[in-house]
Amino acid sequence: MAIERTLSIIKPDAVAKNVIGQIYARFEAAGLKVVAAKMTHLSQGEAEAFYAVHKERPFFKDLVSFMISGPVMIQALEGEGAVLKNRDLMGATDPKKADAGTIRADFADSIDANAVHGSDAVETAREEIAFFFAGMNVYSR
């Protein structure tokens, strides 16, 4: 399997619960390495630009409002099959449907406050990493 990179965001609800370390431990236990990371409080413009693909969806405004409601932890992860591996770790978007032991089953409150974001494909991951880490170094380890 190929070494890939994927973008992960620990959303405001999970940051507020102080579970960043527990989530990082799951990444590392699954063989994913953090190759870039930063904590930030997204502006409305940043959140709207990042989630622009959802602009016409009925949940867009609520998603943007939620994503700017508190700080987020953003990281680029690297490892074999990183995109799928991270999606497996996250679990289903709706935590009620997420398998036991996944990040969302353990830490998410609702389909809106669902703890984490992860890239859905290698190409999307490239774009998302460039969005948040433009001009910053991303280090393979």
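All residue numbers here begin at 1 and follow the chain in the order shown.
Glycine is treated like the rest: Cβ placed from N, Cα and C.
Feature annotation from Swiss-Prot assigns active site, pros-phosphohistidine intermediate to His117; the stated evidence is sequence analysis. Taken from Swiss-Prot, the feature ATP binding site covers Lys11, Phe59, Arg87, Thr93, Arg104, Asn114, and the record attributes it to sequence analysis.
Neighbour count (other Cβ atoms within 10 Å of the Cβ, all protein chains): 24 for Arg104 (ATP binding site). When the recorded positions Lys11, Arg87, His117 are compared by the number of other CB atoms within 10 angstroms of each CB, Arg87 has the fewest. Reduced to three states, the DSSP call for Arg104 (ATP binding site) is helix. In the three-state DSSP assignment, the secondary structure recorded for Arg87 (ATP binding site) is helix. Using a 10 Å Cα-Cα cut-off from His117 (active site, pros-phosphohistidine intermediate), the binding-site residues that qualify among Lys11, Phe59, Arg87, Thr93 are Lys11, Arg87, Thr93.
Around Asn114 (ATP binding site), the same-chain residues at least 6 positions away in sequence with a Cβ under 8 Å from its Cβ are Lys11, Asp13, Thr93, Asp94, Pro95, Arg104, Ala108.
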